[in-house]
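Chemist: I'd like to ask you about the structure that follows.
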Amino acid sequence: MEPQGIARGPPAHAPKDGPGKPAVPQKNAYARLVQKHHSGRFRSYLNHIAQKLQLEESALNDLGPDAEASLKSGLVREALSRNGVQAQCRSPDGGLQLGPENPRENREPSFARRQPRKRDPSAGKGEEDEVVEEEDFTPNRHGDAAVLSSVRQVWGSQGMSPRQDFSPQKTSSFEEKNREEPWRSSRERPVVTGRAESFALPGQFSTDLSATTTRKSVHLSPSQTQGGERRGLVRPRNNSESARVTPNVDRRCQLSESLVDTMNVPECRMAFRQLGTPRGGHHSACSTPGDKKNRNKPARGRKKVFEAYMSKEEVSAGLKRKQLIQGPLRINPKKYHEAFVPSPDGIRDIFIDGVVARNRALNGDIVVVKLLPKDQWKVIKPEGGDNDTEAAQESDASRNSPGAAVLNDPAKGDADSPDVIIEAQVDDDSEDAESGQDSSREVKDLRALSLGAGEKGRDPEACGVHHTKREDSPKANDPEQFLQKTAKVVYILEKKHSRAVMGSIRLLTDRNSELFKKFAMFSPVDHRVPRVYVALADCPPDFASRPEEYSNTLFICRIVDWREDSNFAIGQLAQSLGQAGEIEPETEGILTEYGVDFSDFSPEVLQCLPQSLPWDIPPAELAKRRDLREECVFTIDPSTAKDLDDALSCKLLPDGNLEVGVHIADVSYFVLEGTELDNIASRRATSVYLVQKVIPMLPKLLCEELCSLNPTTDRLTFSVIWKLTPEGKILEEWFGRTVICSCAKLSYDHAQSMIENPDKVFTAEELPPVSPHHSIGEVRQAVLHLNRIAKQLRKQRFVDGALRLDQLKLSFTLDKESGLPQSCYVYQYRDSNKLVEEFMLLANMAVAHQIYRSFPAQALLRRHPPPLTKMINDLSEFCSQMGLEIDFSSAGALHKSLSETFGNSKYAEAKKAVLTNMLSRPMQMAAYFCAGVFEDEELFHHYALNVPLYTHFTSPIRRFPDILVHRLLSASLGSGPALRMKKDEIQKQADHCNDRKTASKRAQELSADLFFAIFVKENGPLESEAMVMGVLNEAFDVLVLKFGVQKRIYCNALPLVGFHFQKLGKKPQLSLMWEPESTEQDAVQQDIAIFTLVNVVLRSDSVPLKYSAVLKRPSREECGTS
C-alpha cells in the first residue's frame, strides 16, 4: 500500500528539458491533509494539485533569474487559481500560504457570486488532468463532514477562517440567475467527457477563428503563431489539445510568453471570466450542433460532453450479469444537478451527480446506470446534514405545492380521498390517501414493473415489511451507512418524458456570431430540462428586432435532439401559448409538458358512440340484466361533479340484516375492445382533474350522459351486492350486470347533513330532487344505515392493520365570470367521504378476488410496496430523537402509533400533519400490474390497505384500468367475451397507466400551484399560523396550516442581528436574534425547532406565479421576554 500523502509517481507531463524540481513547500499542507483522509477521490485530487504545483514551479524556474518577479507571482497565482486555490500571503520561508476559494460549506445560492476558475488555454493537459477530471472530488459537494472539518483545521493553522456569511434568499430572481449562469457554481467542475466542448458560451465559441488568431499574432513569435491553432492557443474551450503540442515547441514558451500574451488580450480575458462548465450544471454552455465550423473540425477538435450510449447488446448483457441497473430517473426539482434511480436493494436511492452523469436523460425516463467505483460514492453526513438529507428526500412535487401531494386524487370512489378542487373535480385513489403517498414516489414502484417478467425471481423479502427496531438499524461504526451508491447513465431504455417543455425565448448574447443570426435560446420553466437552441425561423417574425416584447411570452418547445458534443439540446418551437402568469396559457403549457392529450376526439372515435339520440337501453340488453330500477339507489358526489360513475343502495331485510349494493357505470358496454374508442381511452388512460376543468378520458357523451348515473334515468351498471350484518360482516356476495334508475343526486354536504342530524325531517328545499317513487325519508334512512356499517368496516380495517395518512389539501371557489380564485381553504374530510370510501374499497377488494380466481394469469391488480427501508429507518431514528414513540414495524402499527401519540391539544392535528408529510417521503406509490408476470403472490400485497389482493373497479369513466377489470369480471361471470390481451400486453398497458397516472397527478398539483399563486397575488399578503417541519443551518421549512402550503424561510431574508444553529442532543435548532424595534430595546431571541408554531406572511413575488413566505416578528411575550 502506498504511503499516504505522497504523490503517486512523477507528473504525467513533466518538462522534458530537465529533471523534476524539488516539491514546493506548499505541498506539505496537502500531504498533511492526505494523511488525515482516506478517500481515494480526495487523495487523487490533492496529488493532482501537488503535481501541477510542482510543474508550475519547474516552469517558473525555467524562466531564469532575469524574469520579473511580478510575472512569476502572476503565473503562480494563475496556476493556483486554476486549481481552485487562492494564494493569500507569503509564509516566513517565502512560500505561498494556501487558502480555499470559499471554505464554507456548500450553499447553492452562493455559487452565483463566485467567479469561475481561469484556465490557461496554452497550459498542457496531461494524463493527470484526465485522471482528476474523472475522479473530480469536491468535499463540499459530497458532504464529507470529516474532510470539511480537517480542511478547516488546515485553514486555521494558516491564519484563515471559513466565511461566516450565508446564502441569500432563494428568490425567483436568484433562481433565474442561477440557471442563466450555471458555470459559476463552484461545486461543479467539468468531467473529462465534456472537457473540450464545455468551455465556451453561446457566441463565444463562434468567434471568428482567423480574426482571433490575427489579433494574437501581434504578440506571438512566428514560431508560436505557426501551428497555434493546433495547440489551442486561441481556442480556450479546448484545453486538452495543448497536451498534443509538437515536441519542438518549448514548454517554457507555453507557460510564459503564450500565457502572458493570452492574459493581455482583452477579448480572451473577458472570455476567461465566463469559462468553465459545471459538472452538474443545469445546461452549461458549449458549442451548438448548428455551428458548421466546429461540426467540420477533426474529431480531436470536438471533445464529447457526454459519453456515447452502450449498445443494446451490451446493456442486455450487463443487466443479466447485474453489472448494470435499470430504473426510472428522478431529478431533484430544487437542485437540478442531483438525480436518483431506485436501488434494487430498496435501501437508498442511487445518486446521479450532475448533467454529464445523467447523459441526456430527462426526468421520468427509464434509464440504465453503471455504478461508479466505491471511492466515488457520495458521502452522507453522519448527522444527516441538511443538504444531503434534503437532497435525498426532495420530492418531485414543488415545495410550493399545497401539501406534499396537494391533489392526492381526492374525489369520491375507490376509497379515494376527499374531493379537493372546487368540491372535488379530481381523480381518486383512496389508497393514496391511505398511504399518504407523494406523487414523486410512483416511480419507485415502477422499478419492479419495468422489469416485467424479469422480476419473477425476485426475493420476496425485498418487498416485505421491514422492522425498524433499534437493533435492526445499522451500527454506528459501520462506514457503509454513510455512503450512497453513485452511478452514471449509460443507456435510455424508454424516454418517458414527453420532450415538450414550456418556457421563454431570448436572443443569444454575442451579436457578432454566426449563431446569433440563426438561433435563439429557449429557457424552460422546469429547471430540470436543458436550455435548447431553436431556429430563429421558428420564432415570431419580429422577435429578432423586438425581443423585449416576448420576454413574458410562453412558448412550447419540443426537444428533437441532444448530441454527445453539446450541453444544449436542439428543439423546435411548437406554439406560442400567451402571457406568463395567465391561467389558460399556463394550464395549456402544463398539459403539453406532461403529455396530457386535450385535443378533440376524432370523427373515428365519435363514430363508435351511439348515433341515434336520445339513446335508450335495447330491450334485449335489459333482458340479460338484473333489474334494480325499483330499488332506492342514489349517488353521493361533489356538488360540481358531472361524471357520476358510482351509486349506492341499502335496504333493511326482514331478518335484521341489510342488503348493500355498489353500482358502477357499465362503461365496457360502450367501449368495446379493439375499437378506436378503446384505443384512445387506453392511450389517455385517465381523466385529468384540474382546478377549473377536467380533461376527460372518454367523449363527453359517455362521461356526462350515457354512462353517468344521472338521477331518474335508466342506466347500465355493474353491481356488487352483499348481505351484511349490522356489524358489517359479509354473509353473501353477488356480482352481475344490472340496470338502475338513481332516485337522487346527493352531494357530500347533503349526506353529511343527514349524518349529523339523524332525527331531522328534511324538506324538499333542503335536498336535491328525489324520484317520486321514493321519499326523502327513505333516502335519509339508507344513508344512516350505510354510515353505521361504514364505521364498523372502517374500524375493522384498522384493527386488521390498515394505514391512513391524511394530508392537507386545498379547495378553491372560482369566480364564475373571470375564473379567478375567490377563496381557498383546506378541504375537510368528513364522515360522508368516509362512507363512500369504505364501500368503494370493499367492492374493489371483492372484484380483485373474483378476477384473480378466474384469470390468475390475466388479472389486472394493484399493489403497494412497503416504504423504502433506509428512509423509514432514518425517520424512525428521527422520531426517537424527537421523543416520539412511533412504531414503523407495519402499516397497522404505524397507524396505531400516529393515533395514540398525538392527543387532543389545539395543535395536535398540526403536529400530525407535519409528521404525516415526513412519512409520505419514504412511502412508495401503488401501481397496476398483471398477476401473470409475478410468480410470488407476496408481491401482490397492498401495504397501506394491508390486503393480499386489490384492484380498481369503481371508476371506469375516468380510469382505463377499471374498464379492463370490468371486462375480466364480465368474462368471469360468463356475461361477456374473454379478454383477448395476453399477460405481456396487459402488463404493458399497466405500465402505461402507471405513467399516465403519475403525469396526471403532477399536472393536477401544478394546476393547484397555479391557482394558489394567483390567489396570493390577487388577495395577498396572507397571514397564517405555520408549524416548523424542518430545520437547516440557515433556513427552515414550515407547513402553513391555513392553506396546507410548504415553504422555506431563509434567515438572511429576515431583519436579524444574527442567528445560530445548534443541535440540542440531536434535535436541530435555530436561534434567531431579531433586531430591536427601538434603540432602548434589546434584541429578541426566537428559537426555531421542529413543531415550533410561528406566524408567517405569504407575499407574491415580482416574477409571475412566485410567492414567498416571510416569518413575522414575534412579540416579546411570545419569546418569553419583557
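One is the number of the first residue shown, and numbering goes on along the chain from there.
Every residue gets a Cβ built from N, Cα and C, even glycine.
Whatever TrEMBL says is automated annotation, not expert-curated.
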Chemist: Have a look at 1-25, 976-1000 and point to the one annotated region 'Disordered' in TrEMBL.
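Modeler: Per TrEMBL, the stretch marked region 'Disordered' is 1-25.
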Chemist: Please report the Cα separation of D645 (site 'Important for catalytic activity') and D637 (Mg(2+) binding site) in Å, rounded to an integer.
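Modeler: A Cα-Cα distance of 9 Å.
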Chemist: Among the recorded positions D645, D646, which residue has the largest number of other Cβ atoms within 10 Å of its own Cβ?
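Modeler: Result for the most crowded candidate: D645.
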Chemist: With every protein chain in view, how many other Cβ atoms are within 10 Å of the Cβ of D637 (Mg(2+) binding site)?
Modeler: 26
Chemist: Report the mean pLDDT of the predicted model across the domain 'RNB' (625-975), rounded to a whole number.
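Modeler: When the pLDDT values over the domain 'RNB' (625-975) are averaged, the result is 93.
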